[in-house]
Amino acid sequence: MGKFALNLNAELTGVKNLAPKDEESFYYAFKVQCSGCREIHDNAIEISRSETHSIPGSKGEANLIWTCKNCRKTCSFVIEGPFSPYNDSQETKKVLVLECRGCELVEFIPQGEWIANGAESNTLFDEIVLEDDWYDYDENASSEVSITNLEWSISKA
């Protein structure tokens, strides 16, 4: 069993409170390494806190149950606590914690829509895609806003 933290470091210009658009149904995508055969799998897994599954041979539940295609080891993933909105421009911050049994998280793949608020105007930006740098204009604050230099990392929690 291991707990892993998803960490973010990004340059925020004119925005704050970066988070998934609908955290309850948001799918987080990760590349994983099986702790049985040590294979890093090419296809990403997707985990959502809105899904729960019974863990085979256990009374517990997980957000995802996954079986390694190489060694058939069963892995479970649980999202612990809410996503912590990112506000700390250019500082690495833990934004999410997951408990993983049978696998390790090795890479986060940003996908889906994210939201942020204007730092000065509180304008809601609700269609942010983080696959690359993001730029927009905050009409209420009359200034450009951006999210750049995104660096996602995974560490032991």
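Each Cβ is built from the backbone N, Cα and C atoms, and glycine gets one as well.
Swiss-Prot annotations:
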BINDING   C34, C37, C68, C71  Zn(2+) binding site
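The number of other Cβ atoms within 10 Å of the Cβ belonging to C34 (Zn(2+) binding site), over all protein chains shown, comes to 21.
Each of the binding-site residues C68, C71 was ranked by the number of other C-beta atoms within 10 Å, and first place falls to C68.
When other Cβ atoms within 10 Å of the Cβ of C37 (Zn(2+) binding site) are tallied across all protein chains shown, the result is 12. Residues S35, G36, R38, E39, K69, N70, R72, K73 surround the recorded Zn(2+) site, their Cβ atoms falling within 8 Å of the Cβ centroid of C34, C37, C68, C71, which are themselves excluded.
For the recorded site, C68 (Zn(2+) binding site), the DSSP three-state label reads coil.
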